[in-house]
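> Would you mind keeping the following structure in view while I ask a few things?
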C-alpha cells in the first residue's frame, strides 16, 4: 500500500524512492509488526480474559502445567493482526506470492480459531476432530499447491494462467521449467525434476506437514515462537537471494521473479513473533493456540516452496520435525505393542518430545532455551547452503 503511494509521489518527493528498496521495507515491516504487537498485546489479553477463553490443560500431562489452566489462549490472533497490517502496509500488493501466502496463513488461522473455540466452549483439550481439521487443511493446501506449481514457474500472472492451460491441453502430462525443480542442498549442479504432479504432492506435504508440526511443538511457554521467528527470518534471506537476478546467478540458484517480496512477509512475521514472545515468555500471560500455530506453520511451508528450499526447511525446522516424529513413533509403537502383547508400551515418557524432557527432570525454561539454541544452530547450518555448494 505504502509502496504504491510512494511510487505515485516519488517524482515530486524524491526521498520516497527509498520505498523501492526491499531491505528498507523489510526493516519497516519488522518494526511495524513489533510495535503493533507490543501496543495491542495488553488490550488483546484483557479481551481474551474477559471472554473467558482460558486454556484447558491435559490432566495426564506434567503436573507443573496444571497452574496454567485458565491462561487465555487464542493469542495467535495478535500475531496475525501484526502480520496482516504490516504486510499490507509495506509489501507490493501486486505480487502474487504475497496473496497466496496470506491466503494459506489466514486460512489455516481460521481453522485454528475454530479448533480453539471448540476447546474453550466445550472445555475439551482435543478441540476439532482430526479428520475435520485435516480436511480443511488439505483443501487449502491443495489449492495453494496447484497455484504454486505454475506461479513459481512463470514471471507474471498472465503467463501463470497460460502455463496452466498448456498443461490442461497436454492432457495433464506437461512438465515444468527447471526453476520448479527440487533443489538439493550442497549440490550446485544437481536438482530433481518434479513435474506438475510431483510439485503438487510435495508442496501439499510441506504446507500441511509444517502447519501440524509447528502446532505439535507449541506446548511450553515461548517454545515455538522463537524457532518460528528464526526459521522465518532465514527463509527471508533465501527469498532475498532467489528474488534477485544478480544474487541468484552469483550463488547458482534459479531466479524466482517476485520471490523477494517474501522478505517483507518474513520480516512482518518476525516482528509480530517477537512482540508475542514479550507476553508468552515464562510465565506466559497468553498462549498462541491453534489459531497462531497452524497459521505460522502453514506460512513457513508456503514460503519454503516459493523459494524452493523445502529440504532446507526440513533442516532448519529440525525441532518441528523431531516433535512430530516423536508423536508418530509413540502412537505407532503403542498401538503395535497393544495389538501384539495386549498392553500398550511407550518409547518416550510422554510425547511430544518436549514433555519427555520435562518428565526427565529438565525445567520448562531449560527445554525452551535449549530448543531455541538447537534451532539457531540448524538455521545457521541451513544458511550455509547458500555458499557451500
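Our numbering is plain: 1 for the first residue shown, then up by one each step along the chain.
Every residue, even glycine, has its Cβ placed from backbone N, Cα and C.
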> In Swiss-Prot, which of 164-184, 311-331 is tagged transmembrane segment?
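Checked against Swiss-Prot: transmembrane segment maps to 311-331.
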> Looking at 52-72, 73-93, which one is transmembrane segment according to Swiss-Prot?
73-93
> Per the 3+ Cβ pairs under 8 Å rule, pairs at least 6 apart in sequence, do the transmembrane segment (366-386) and the transmembrane segment (25-45) touch?
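Per Cβ check, the transmembrane segment (366-386) does not touch the transmembrane segment (25-45).
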> Same chain, outside the transmembrane segment (97-117) by at least 6, Cβ under 8 Å from its Cβ: which residues?
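Contacts of the transmembrane segment (97-117) (Cβ under 8 Å, skipping residues fewer than 6 from its ends): 53, 73-74, 76-77, 80, 83-84, 87, 91, 127-128, 133, 136-137, 140-141, 143-144, 147-148, 151, 207, 211, 215, 258-259, 261-262, 264-265, 289-299, 301-303, 306.
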> Given pairs 6 or more apart, does the transmembrane segment (73-93) have at least three Cβ pairs under 8 Å with the transmembrane segment (222-242)?
no
> Do the transmembrane segment (135-155) and the transmembrane segment (286-306) come close, with at least three CB pairs under 8 A (pairs 6 or more apart in sequence)?
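When sequence-distant Cβ pairs are counted, the transmembrane segment (286-306) touches the transmembrane segment (135-155), since at least 3 lie under 8 Å.
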